[in-house]
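**Student:** What follows is a single structure, and I will ask about it in a moment.
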Amino acid sequence: MELEELGIREECGVFGCIAAGVWPTELDVPHVITLGLVGLQHRGQESAGIVTSDGESSQAFKVHKGMGLINHVFNADSLKKLYVSNLGIGHTRYSTSGISELQNCQPFVVETLHGKIAVAHNGELTNAVRLRRKLMRHGVGLSTSSDSELITQLLAFTPPLENDDTADWVARIKNLMNETPTSYSLLIMHKDIIYAVRDPYGNRPLCIGRLIPVGDINGKGKDNSETEGWVVSSESCSFLSIGAEYYREVLPGEIVKISRYDVQTLDVVPRPEGDPSAFCIFEYVYFARPDSIFEGQMVYSVRRRCGQQLAIEAPVEADLVSTVPESATPAALGYAQKCGLPYVEVLCKNRYVGRTFIQPNMRLRQLGVAKKFGVLSDNFKGKRVVIIDDSIVRGNTISPIIKLLRESGAKEVHIRVASPPIRFPCYMGINIPTKEELIANRPEFHDLANYIGADSVVYLSVEGLVSSVQESIKARKENENSLKTQKSRVGKIGHCTACLTGDYPVELEW
């Protein structure tokens, strides 16, 4: 909850679709992409865009972009611009490296020697400044402040040994991956192909789904053996609403070619020897939707395990467990289960108070929490309450909630946080306040309970978070018959905890 209030957000979601079989297809590709992006709306609310093609010509790209939410950017009229299409990619954005304006909207489209390419990017390059200078020294002009344009222009560069008559897109993609180690999950569209690419550290998520026939309302006539198309997405949560089933993840460093015929691995670019993968651990903590699947496990299950681990590390004498609706609910349920305490709702959320709500005066601004939440005082009056939250960033959001609960009759209010303190900015795709703004780096942190008005405050340890995330992964890998093959492809299990520990997976270049 606090993350949402304070602007700590994932900045992008990517989604692609390609129809299988005979073209022109009967599959409504633009509509599928739009619905896929709606499923990723939590990853970016500033702008959105879709690029489609009939696949017959590398020049026949149709583009529509706009500022705002998906349902504001795309309607019946704007979708008409994207027909007739057999494949396409889309993007929803929350800015980090580029300012929020239309020219930074993705996907980016550029003309190359071998036709147009469209690129959608989730992540943030750790060496963007150097790459920007390199391109400019080669006479390449840049029209936006987004580092995603750097990726597009680097792909347009002809790599060494490429014949002018044919484009070696795998060589171009590998050239890009050699130029920048992280952070990116990419969709690249050229003519009749979509390439799905994940950086060697696997910092940002990317997965593939298979579109299957919908059948009738009772499920009759549904043939799961038939493939109507392929989709690729930042999160698997976008698959159900479009009639797709989860197929698999794109592995760290993998270059996948998706065509109307099949899904094919073209190459896997390795990390430096000894380096573990570095999937962002905060995807599990907060950013992803709870029904998404990462590394073979559902996000909801991981959050619940975090709550159970928090109960082991930080038990407290109390009467009930609750949460601030609603991202920390799985952790709160896990905490309650482990402690043997009842889970009880103490707040109800006004869902119609959005991020863009205008605060006309100081009084209403100070009443922001009361405006957003209703109090279920009959559930906790005279009782000791444990509130589970996903994070405390600055401390000025949870404090009014504690005050509200006390004024409504809570005897005690204990705060338990289902993640460790955030101490460092991300620099790899998450918009986090400056180091000085984070409560964990300020003097108030040494007496945080008193500062926010709680009876006690305890965070989950870094070790506890990592073990909660990796427990299921390790157990599954131990049972896999193909363990040796799997290890050779993806290497050691690892997760990026840079915002918690300052230990970045690669050296940052500024």
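Placed from the backbone N, Cα and C atoms, the Cβ positions cover glycine too.
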**Student:** For the [4Fe-4S] cluster site that Swiss-Prot describes with CYS426, CYS496, CYS499, which of these is also annotated: CYS280, CYS306, CYS339?
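**Tutor:** According to Swiss-Prot, the candidate sharing the [4Fe-4S] cluster site with CYS426, CYS496, CYS499 is CYS280.
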**Student:** May I ask you to find which of SER322, SER327, SER408, SER456 Swiss-Prot records for the Mg(2+) site already listed with ASP389, ASP390?
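**Tutor:** It is SER327, as the record lists it for that site.
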**Student:** What's the CA to CA span in angstrom from CYS496 ([4Fe-4S] cluster binding site) over to ASP390 (Mg(2+) binding site)?
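**Tutor:** Cα-Cα, rounded: 17 Å.
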**Student:** Specify all same-chain residues, apart from the site residues CYS280, CYS426, CYS496, CYS499, whose Cβ lies within 8 angstroms of the center of the Cβ atoms of the [4Fe-4S] cluster site, ordered by sequence.
**Tutor:** ASN203, ILE281, PHE282, MET428, GLY429, ILE430, THR497, ALA498
**Student:** At the level of the C-alpha atoms, what whole-angstrom distance separates CYS280 ([4Fe-4S] cluster binding site) and ASP389 (Mg(2+) binding site)?
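**Tutor:** Cα-Cα, rounded: 19 Å.
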**Student:** Round to the nearest Å and give the CA-to-CA distance linking CYS499 ([4Fe-4S] cluster binding site) with ASP389 (Mg(2+) binding site).
**Tutor:** 18
**Student:** I'm checking region-level scores; what's the whole-number mean pLDDT for the domain 'Glutamine amidotransferase type-2' (12-261)?
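**Tutor:** The answer is 91, the mean pLDDT of the model over that range.
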**Student:** From the binding-site residues SER327, ASP389, ASP390, CYS426, pick the residue whose C-alpha lies nearest to the C-alpha of CYS12 (active site, nucleophile).
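**Tutor:** Checking each of SER327, ASP389, ASP390, CYS426 against CYS12 (active site, nucleophile), the shortest Cα distance is to CYS426.
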